[in-house]
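As recorded in Swiss-Prot:
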type	residues	note
ACT_SITE	78	active site, charge relay system
ACT_SITE	159	active site, charge relay system
ACT_SITE	183	active site, acyl-ester intermediate
């Protein structure tokens, strides 16, 4: 077979029946990664470690004692999560030679469940982008592209584009992404897979190299909602190494209902998401699914999130302020890239950062430092914090009326690379993250699910958002939609 067509749950059953074994699956995955190198999804492949983990998994299955449903399942990890003994670069020259001495908590937990880590995936440098094009390893190509040569390919979305393509192209079963303003859901939408941003604090950020501490969340990328639930079960829960995780234990999500009743489920349609730039086919898809939900017994009603128009500006200000703070640790002295020009401490510091960061990162640092100047602090940063609270309050009011919000994930299908690069990074993110970043501002869970193909044969996806810690309900509704549209069976 050229792809990995099975769900993790079905794969686990195959392992149990001995019709497949983990070593064969990992060997197939490694072969697929090699044959799809032109997509540039992976920046590093951990073949030896993966085969070693696969052999251990096979031994457990042979003894009928697998660790979990994920035992032997191939997983990719975005290259901003620390992996012990494996380079973690954030796709930046600044960390090009960084080899962590520990695993991120989410990586550690997946391996504790028997998952096999096959490699690290591409991203925009330090996660700053929405196209997966600003990387020292070059851009990632969307596997749905009509043409993957030169600059005629479709972008994968970002910043977790490598993880999205790895799953969509069948190179692995699932992948870790990170989500600060849509970096898991945006590429999931463009690549036709499922992308979950959990509630802030539900999944540990320990070992995730920070971009925006108050919004960063580890994301989950899979081909089906059921696999997404299995991944969440493995990684969610409190962590002593991350003080922002909630202290209560995570209640595992049981296998999702195949025939869920929508009676009594209240679906909200935010009127502000019907915005400029929303493509006709995306709007039509949104309408069709809303009608489908209503026909199945759900109550569908319009709701208002009045501060949505301000959200992208507030997100941009807060993002750049936290970036300026987080990037200040890279000075060429403690770790990371070190310039050869070290005639003085100031010269070393300046040259290290000039050489180590790309233009996008430097621009965000510059903007963030400007907003944080004493004369600008109240005018920009403090005001942005106040509006962020208003945005969060919009969601609080909305979830008193409805259980789930249904919106587009992105305003369009995946753009062509040659068109995408005509805009600067800030303008790109303002368009690509319009529908996704409000969930990060409010800290609520959101999931992108593929619905159908456009007239250009490219994926169109929709997003569901729920109140804090309602992942179970969110996944149930997403699973119901997935069963109706059957994207995997129809288009994969």
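Cβ from N, Cα, C; glycine included.
Listed in sequence order, the residues of the same chain lying 6 or more apart from residue 78 (active site, charge relay system) and placing their CB within less than 8 Å of its CB are 120, 121, 123, 160, 162, 163, 175, 176, 177, 178. Residue 159 (active site, charge relay system) sits 5 Å from residue 183 (active site, acyl-ester intermediate), counting Cα to Cα. A C-beta separation below 8 Å, combined with a sequence spacing of at least six in one chain, links the residue listed as 'active site, acyl-ester intermediate' to 123, 127, 130, 158, 159, 160, 177, 219. Neighbour count (other Cβ atoms within 10 Å of the Cβ, all protein chains): 37 for residue 159 (active site, charge relay system).
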